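Note sheet for the following structure.
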């Protein structure tokens, strides 16, 4: 009997705080970051098929690799190796429906890898716990463990070492998507170049951010948003300055480049304010698409029969 296809929904992330240290011996940078999972999601389905491989649909699908470099396919291989299976016998097919921006600094590829791990764990009836899956996830990519966990978390090391963080509030965001993506390695390289030439400002300590999250006050949190990669992203994409300025002028409490960019995230006081900011920002001509999101939300989770009841995140095309 052929197993029933398994579908997993997995969220995007935004970095509320991202402190980038110097380059380590392994080539990675030491990070201190605060992740929050947002209500922008991909859906990943795995099933047994005669032809193994990956298919991608949704916004930006043409830019997503479908070969061995795809993180979801790396997840298939990694899990197969861990449990001694051959993913080609019988074949595993991965179908990705994109709702998270591609190359946008919101960990869409990592999210797909996390979803593939969880889905295959059920398809193959491996009964691995989340901690064991998280260990495999960390070997695939720095952001993959958080996509599994979701919520709000403090990340250290490469970002893969996670501690859950208390957030007493639903935080409301407006997400501005740029017309073109940025590749994460290039942004880190640009930050290294900027630091060699000058001493760009670095974000402060993380403890005040954790206190603001515990307080549940978006105004307090807005004062503390910070991202060491923002200077590099803006250097590579100068138009982001205009986007960040436009979001604040539209009424957001604060704006930040999400991760390595170029997506910009704007924190708002409440849901109504987010809708107003999104409407004004969409008419400013500074980005391709505007979406409204909230967080924190859970990490990767199985999709059951609630699909018809699931709200679609609002978006406006500029």
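Cβ atoms here come from the backbone N, Cα and C positions, even for glycine.
For reference, Swiss-Prot has these:
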- 13: active site (ACT_SITE)
- 143: active site (ACT_SITE)
- 101, 102, 103, 104, 105, 106, 107, 108, 109, 110, 111: ATP binding site (BINDING)
- 298-318: region 'Disordered' (REGION)
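Structure coloured by features recorded in Swiss-Prot.
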| residue | record | Cβ neighbours (10 Å) |
| --- | --- | --- |
| 13 | active site | 31 |
| 101 | ATP binding site | 25 |
| 103 | ATP binding site | 20 |
| 105 | ATP binding site | 29 |
| 107 | ATP binding site | 32 |
| 109 | ATP binding site | 26 |
| 111 | ATP binding site | 35 |
| 143 | active site | 28 |
**Message:** Check the DSSP secondary structure of residue 105 (ATP binding site), expressed as helix, strand or coil.
**Reply:** coil
**Message:** What whole-number Å value do you get for the CA-CA distance of residue 111 (ATP binding site) and residue 13 (active site)?
**Reply:** 9
**Complete:** Looking only at the recorded positions 13, 101, 105, 107, 109, residue 143 (active site) has its closest CA neighbour at 107
**Prompt:** So, in DSSP terms, is residue 143 (active site) helix, strand, or coil?
**Reply:** coil
**Prompt:** Taking the mean position of the Cβ atoms of 101, 102, 103, 104, 105, 106, 107, 108, 109, 110, 111 as the ATP site, which residues outside that list, in the same chain, have a Cβ no more than 8 Å away, listed in sequence order?
**Reply:** 12, 100
**Request:** Could you round the CA separation between residue 107 (ATP binding site) and residue 13 (active site) to a whole angstrom and send it over?
**Result:** 6
**Fill in**
The rounded CA-CA distance in Å from residue 105 (ATP binding site) to residue 13 (active site) is 8
**Asked** For residue 13 (active site), what is the secondary structure by DSSP, using just helix, strand and coil?
**Response** strand
